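Features reported for this protein in Swiss-Prot:
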BINDING   258  Mg(2+) binding site
């Protein structure tokens, strides 16, 4: 019979000498595994007399329990030592500056577009959209443009190559085709705005070949210029966030409205900066008018029963005026410094109830 005291001392010495979890597990298998030294002693109990089995069985089980407790304690100590070593190697100096991560921002044009849409949505306007590539009917003919109107020429409009039947598709020069499509597909009353990109052959400090518009259309019975005036003045007061907006309407000509007007706002131009609601100067800000009867007829609406007004404004230009951006071309220069200066936080979603900007 193996000397249990000697075996105990030997196994406990091996447990104490284990330097890592892998070595400790090898000691465990050798001692109390299925073929381990202590497990082997338990298998010899069957050949002993009842008295001897009782005495030796208790001693062997006590040895096994003592070894397992020693292994458990050693394992906990080794795991704690490994954790301490890993934490020491991963020490973070909290006094170091955090790494710089460049933040993106909402483009001023998109912010302005969202502001305009939010205001008109609160006024009961629905948003309508249409394709950027249009045909001549929706972009010109249905809007009462004469056949020889200058806007139909190549120097003012981006045309595609003619089709086999001679038809030329084009990049829309305004979002008015959306109004036409709405009047054709819906019955009055109609109250929509049409935001989107538009395209013209123009490029200077206040014009770009690609720009953004929001046009509005109201069709119903008994509509007149007073409704148009109130709508636009209410919008401008909300957009510029001031009740001091003073406006004037100047007679103008648009093929698709009659009468037509350009709307000016009073402003202060001193100091190289335009301030709306102050000063004695005037600034043209949008075009508008009563929908021409020919446009209503082209869309299948009886002008003797229904009237309407329409308006259109450049979103990029509105943003320039509100946020003091001097050159429209800078908006599309991809200058990160400019975008960082004039951009908006992604969390600053326009909301008329809590403020637009």
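Using N, Cα and C of the backbone, Cβ positions are placed for all residues, glycine too.
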Inset, instruction - Ten-angstrom check, please: count other Cβ atoms within 10 Å of the Cβ of the residue listed as 'Mg(2+) binding site', all chains counted. - result: 15
Inset, instruction - Tell me whether residue 258 (Mg(2+) binding site) sits in a helix, a strand or coil according to DSSP. - result: strand
